[in-house]
Structures are given as C-alpha cells and as structure tokens.
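What follows is a short report on a single structure.
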2 protein chains.
Amino acid sequence: MKSILLLNTQQSDFSLQFDKILKRAKLDIQGVEKIVKEMLDSIRLQGNKAILEHILAFDNWNPKNFEDLKIPENSMQQAYDNLDDKLRCSLQEAYNRIFDFHQKQKPKTWLDFEENGSILGQKITPLDRVGLYIPGGKAAYPSSLLMNAIPALVAGVKEIVVCTPAPCNEINSLLLAAMYLCGIKEAYKVGGASAIGMMAYGIDNAIKKVDMISGPGNIYVATAKKCVFGEVNIDMIAGPSEIGIVADSNARADYIAWDLLSQAEHDEMASSILVTTSQKLASEVSQRINEFLLKLPRAEITAKSIYNRGAIILTQSLEESIQLSNAIAPEHLELLVSNPLEVLPQIKNAGAIFIGENTPEPIGDYIAGPNHTLPTGGSAKFFSPLSTEHFMKKSSIIAFSKKAMDELGEKCGILACAEGLDAHKHSVLIRLNKKD
Amino acid sequence: MKSILLLNTQQSDFSLQFDKILKRAKLDIQGVEKIVKEMLDSIRLQGNKAILEHILAFDNWNPKNFEDLKIPENSMQQAYDNLDDKLRCSLQEAYNRIFDFHQKQKPKTWLDFEENGSILGQKITPLDRVGLYIPGGKAAYPSSLLMNAIPALVAGVKEIVVCTPAPCNEINSLLLAAMYLCGIKEAYKVGGASAIGMMAYGIDNAIKKVDMISGPGNIYVATAKKCVFGEVNIDMIAGPSEIGIVADSNARADYIAWDLLSQAEHDEMASSILVTTSQKLASEVSQRINEFLLKLPRAEITAKSIYNRGAIILTQSLEESIQLSNAIAPEHLELLVSNPLEVLPQIKNAGAIFIGENTPEPIGDYIAGPNHTLPTGGSAKFFSPLSTEHFMKKSSIIAFSKKAMDELGEKCGILACAEGLDAHKHSVLIRLNKKD
C-alpha cells in the first residue's frame, strides 16, 4: 500500500531528496512559450478575429462577434439573487472581511517638509484600468474573484475588467454571483493566453488595454503573463498550490492530515510538506492521510499529489525545522508549535503564515481576510501576497526651495560633472546664476 | 538649420504625431531575445566557463578564473581615499539624503487584533541576497550605485552583490569609491546579460543565486532581466531616459532648454517633451536649445536625441497640457506652472514630479533623495520608482482564536463545499468537532 514519503534529515541522501522538494513545481515556461507567443502575436495583429478563433478551438463554442463574448450584467445579478441564503451570507461575510483587511494595506500619499523649505514625498495613485483573470471550467472559483477584485476596489481602480473561460459557452453561476457582489460591470468569456493578450494589448474599437493583470491560471496563462510583463504590470507568476507545516509533538495528527490533504486535492502538482521533530506524529499523520483519502470525492487527484509530491521530514530540532521551512519558502505555512510567537520572527520566507491549531489553511483561502493569491514554488523568498498596493503606483515628489537649491546645487553640479553630463550641470548652475 | 519638432494640438495630424510620442522607445526585446536566451542557457549549463568566454568576447580581456572577476575590496577604499575633497563631500551628502528619504519608505510589520481574539497582520522581511547591476564602460555611474545600494541597505538586506562591466579590465574609480561608501563587499567585473544570468542562477561553488536584481542597463540587460523574472524578482524593465515638462507663460525658457537638453544628452533614444500653452515660450525654448547645444561636449548625441525624438507641444489650456502629460506618463515630469499644488492631484502618471523652477530634473538624479531609478516608456502608468520596498517582501499572518473559528468556520466550510473542495471543508469542520 502507498504512503506519503518519509524523510529524515539524518539519512545519507537527505540533501539529494530535499533538493527535489526545493525544485518542486518549476514551471515549464519554455515548453509552452512558442505557442503562447504565437497566440499573443495573433491577437496583436488580428485582434478580435484571433480571439474568436481561439475560443472555437479551445472552448468548443462559436461566438459570432465580440458582443457574444460579453457577460451580461443582468446574468450576474440573477445568479446572485438565486443564491441559497447560507451561501449568500457566507460570500458576503468573506467579502466584508477581505475588504477590511485590504483597507488596512492601503498606502497614503505623504509629504515631508525640510527646514530649508523644500518638500519631498511620495504620491500614491490608483491604477486606471486593471484586468483580472479568473480560471473557469468545471470548477468554480468565486473566492478568486473576491481576492482579486476587492484589492482593486479598495485601491480605487475605476475600470475593472474580468476574463474567465467559458467552455461550451457556460459560466458557473457562483462566479457570476461573486461578480455581482464585487460590482463588476465589464466581463468577457475569454480564457487562457487569449485573455491575457486581449487585456494587455486591447482590441481596436472594442476593448481598451489595461495597466495591470492579476489572477491565477494554468501554465499557458502564467507564460502569457510573463510575456506581456513590461507592456503591463502583473501580480506574479504563480504555479501549483503548496503547504508547509512545522509541527511539534503537541500537534494533532488528524488536523495536520486534513490540512495536507486540503492542498493536495487542488492539483496533482500540489505540494504538501510536514516538517516535524516528532517520529510519533509523523507516523500518525501518515496513517491518517491514508484513512482520510478514502472519504474524498477527489481521491484520485489527491492521492497522486500526496503520494508523489508530498513528504514528511523528520528533524532533530525545532531550529532545524525552521531552517528547512525557510529554504522551502512555502506558499502557505502552518505553525503548529507550542510557542509560535517565539518562532514567528525566525520565519523569513512564506506567503502566508497560519498560527495555531484553530487556523487551518482553508480559513485563509476563503474568509480570514488576507489575500489567498500567494507566491509559490519558493518565490516567497522575493514575491509578496497580492495586495491593495499591487493596484496602485507611486510617484516621487520633489519641490526644492530657493534656499535648498543654494545649499545643494553646487554639490549636484560636481556630481553631474564627475559623470560627464554637462547639460545636467548647466541645468543646475543656471539656477544659481553661475556660468560654470 | 535643424530645430526641435513643434506640434500643435489643433493641427490636423496631431493625433498621428502624438501617437509616435506615446509609442516612443518601445524596447525591441524580441530582436535580442534569442541571443540573450543563449547566453543565459550557457551560464545555466556551463557556469563559470561561459562567463569567462563572454568577457573575452565582449569586454576585451581574458580572465583566467573566477577569482579574476572579483573586484578587490581594497581597491574600493583606495579609490575613495583618492577622491578630491569636494567630490567626496558631494557624494557623502548625496548618500545621506538618499538614505534619509528611503528610510521614510520603510514599511513595518503590523498586527491587528480582532474582538474575537484572533490576529491578522502583515510581516515585513528584508530579502536575503540581492544583485545590483551598474552599467560601466567609459561613463561612470556612481549615482546609480547609490540609488540601488542604499534602498537595499535601508531594507536590511544582508548580502548585496554588485556586477558591472569592466571593458579591458578597467573600472571607473568613482564607481569604486561609491562602492566603498555603500560598504559593498562582493562585486564582480561582469556585465550585460552574463551578469544577470550569473546573479539569477548562481555559479556552483562560486556564487550564490540572488533573490532580486535591480539596476539599469542596455537592451541586453533589460531583456535578460525579463527572461529571469520569476526565477528572481526584478525592479522593472526600463528603457531610455525621458522628461516631460508642463509649463505656462511664466516659465523661463533658458531653464527649460537646459532641462530638456539634460535628458537628451543621456542617449540618442532619450525623449524630451515640453507641453505648453505659450506660443512665445515654445519658440524661445526652441531657440535656446539651438544656442545651448553648441556649448555641450556631448553635442552630437544630444542633437540627435533632441531633434529626432524631442518635441514641443502647444496646447489650448493647462487642462489639455495635463491630459497629454498623463497620456505620455513620463519618467520625469517638471511642473513649471503658476499654481503647481492645484495641478498636482491631477497628475496621474509620472515616475517623479519636479515642482517649481528651483527643482531641475538633475537635482533628482543626484542629490534630492528620492530614487532616480524610475519607470520609462509610459510604464509610469503601472510601475513605481525603485524603493526600499523592492528589497523587502511581505507575508500575511493569520492566527485564529477558538472563538473566531466557531464564528466563521461553518461559513468557510460552505464556501469550500461550493467550490467542490472537500478536504478543505473537512480541515475546517474537524476543528468544529463536526463530522459534516
């Protein structure tokens, strides 16, 4: 019978095995780059026509014109009105909590006055127009819509465009309801690389280009986002979902087993890793995984993920556990240790940190408030969770007084001169009434 | 005789002409992508050997081994000690002012306590290791070193690597002095796409990979940065320098002429645009440009830039001027108008805003304090100036209390269920002691 991989930092080939975990889920962008670039080029050159062709080819329906791609606003309201009461109430609670958290992230313009009378500062401005990509198909991801639309709303973005694939011209009603809740006015049944190209370049006389694209997607979407980066901004390049759990002997095996499985059920490529000092916990979790798996409707995907890509790593100390966790830099990290606040400052790399046994990772997927769009594949070493700030930009402000210019102009001229930039020097010296 | 292009928003082909300004300086990444990818692949596959070959091919010297590429720390100190007093003092003043400004940008970890006893927050952590690319060759850019190293220092980054090309194995002594001032310990004589590849992938047994790369460079550097984005984070993809000036009839033509020329002298591809309501100012500035050009040692480059890519646009109103400026989204924007504070809130897109006649753009290049690494080519619509935050990352923090779980767990389970994710539901319900 299969079971989750068990590693021990003391085994001779540990670093070899651990290296596989570090290199988990490298996105094979090179493998799909050619086809994605062709699709993007076709959108740039043929616009609308290319989009309609892609939909016929990939989504199995035949839109006649661009109007056919629009998702009618009244279908969003209808879907919302038809929601079961409990579900509507849960969605509203999620909306409220996500909204509240993202408001706390909202940066403000600031100005600083110097004694010499000059002003330095930073102006914060919402982006004009952004595009949200929401995966579609059989599964429904209303939570992704909330997590991408709400920070844009909080930021004050005026124009929000949503793209989602509609295989066979069908869209999940829960996603439509979430669009209504977020006040989405402009949405299109376009998916994959086509959607990214359409939003990044715009379509003549039909759709304006956006300034920034956020949202999760498959390898084609991730690759297209990388290709259009620079033409527009993007949130990040994200791969399959992951969880890391650092636990000591006090943690409950049944909780951990469900938490690992909840990542594994997302995707065969998902990665679920427990790092613990407790041999007893390790074997209990392994057993519970096997038991619980049988209860799951998505058992096939979940089993592939947990058996092929999951692992339990036995360490010699909490310190070693933390060291491994920082090296893994997991998207989600659960801290199930006796004194989590002592550990927290040592956690350097993680998209979101879930502390204590009452904070299972799914609480962060839906309702806690912080964003669930998080860096994967180790990129938590340098990327941050999607936030209100992704939907705003900064401009520096400099207003020198005459006094400041008199004090600093000459030094500025000396530096310009040292870099061999004469017009720079003149531009300063003419304000000082100096010829040279 | 040549003169700067004069446009009028009333002329029949204005939108056609303006479109050229909007499409200024599109980087031809596709044109060099193939060669850059080959160079990056060779570094990934052959490491050190590839780097040494690239240097022989592009920088005209023949390093024997990796050690040869290291810039000795004592050469930095020596260069600093040999600085002329006035220059050292100017560099130090620039350092202090840049440091002060970037400290004001430093974000802080925050936690928020809810009434139900749970904690939500955002942890801020400096990146572990970053790479700074500083262009080299004949010109020296000590200011680029300050502008890239100081935000990393303020952020608390422990390991800072600098790469700069050293044609014929020579490095400008002013750049070395600036490295000493910033306390750089690890620097290499490696330039172009090779430097980006070396920092992004690391070299076995010689150099560790970094988490983030910042710094300006030519089209090869920009393309390489785009290619490695995702493997590491990057600051932005920047092209040639630009200035936009919005001026009314009170502005001084001589000031404006020098400010336009100071951008033009950077690069043949630089773009310098004046937008004004004053016909008189427009023609005076045009005349002054022609006069001042004769005084410049870099007159050839400057003339190519200002005559081929500069423009003066005559508008009907200040409002129209601002509208055009927002569409251009210039890297640098000077506001030379009677009531700049009334105009400031309307400025949506600009990397840095220079207010009033005592604030020529070069003051921001060297000594004002805000960063001079700014979004170009219209990307100020969505990118921000390089900042302390680029050298830090965020992790969300969620610590639910038992009470919070009791209040919100069921709703979370309902949402998980609606998305068809059963293990997610179980992971929550087991905390509520509910079977389903």
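In case you wondered, yes, glycine gets a Cβ from its N, Cα and C as well.
Predicted automatically and left uncurated, TrEMBL annotations should be read as such.
Per TrEMBL, the feature substrate binding site maps to A:SER241, A:GLN263, A:HIS266, A:HIS332, A:ASP365, A:GLU419, A:HIS424. In three-state terms derived from DSSP, A:HIS266 (substrate binding site) belongs to neither a helical nor a strand segment and is classed as coil.
Around A:HIS424 (substrate binding site), the C-beta neighbours below 8 angstroms that are at least 6 residues distant in the chain are A:ALA416. The secondary structure of A:HIS424 (substrate binding site), as reduced to three states from DSSP, is helical. As annotated by TrEMBL, Zn(2+) binding site applies to A:GLN263, A:HIS266, A:ASP365, A:HIS424.
All protein chains shown were included, and the count of other CB atoms within 10 Å of the CB of A:GLU331 (active site, proton acceptor) stands at 31. Look at TrEMBL and you will find A:GLU331 (among others) tagged as active site, proton acceptor.
The active site, proton acceptor annotation in TrEMBL covers A:HIS332 (among others). According to DSSP, A:HIS332 (substrate binding site) is assigned to a strand segment. Under 8 Å, Cβ to Cβ, and six or more positions away along its own chain, A:HIS332 (substrate binding site) finds A:SER241, A:GLU242, A:ILE243, A:GLY244, A:GLN263, A:ALA350, A:GLY351, A:ALA352, A:PHE354, A:GLU361, A:GLY364, A:LEU374.
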Fewest other CB within 10 angstroms, which one of the binding-site residues A:SER241, A:GLN263?
A:SER241
C-alpha spacing of A:GLU331 (active site, proton acceptor) relative to A:GLU419 (substrate binding site), in angstrom
44
Rounded to a whole number, how many Å is the Cα of A:GLU331 (active site, proton acceptor) away from the Cα of A:ASP365 (substrate binding site)?
12
Filter the recorded positions A:SER241, A:GLU331, A:HIS332 down to the ones with a Cβ under 8 Å from chain B's Cβ atoms, keeping sequence order.
none
So for A:HIS266 (substrate binding site), how many other CB atoms are inside 10 Å of its CB?
23
Fewest other CB within 10 angstroms, which one of the binding-site residues A:ASP365, A:GLU419?
A:GLU419
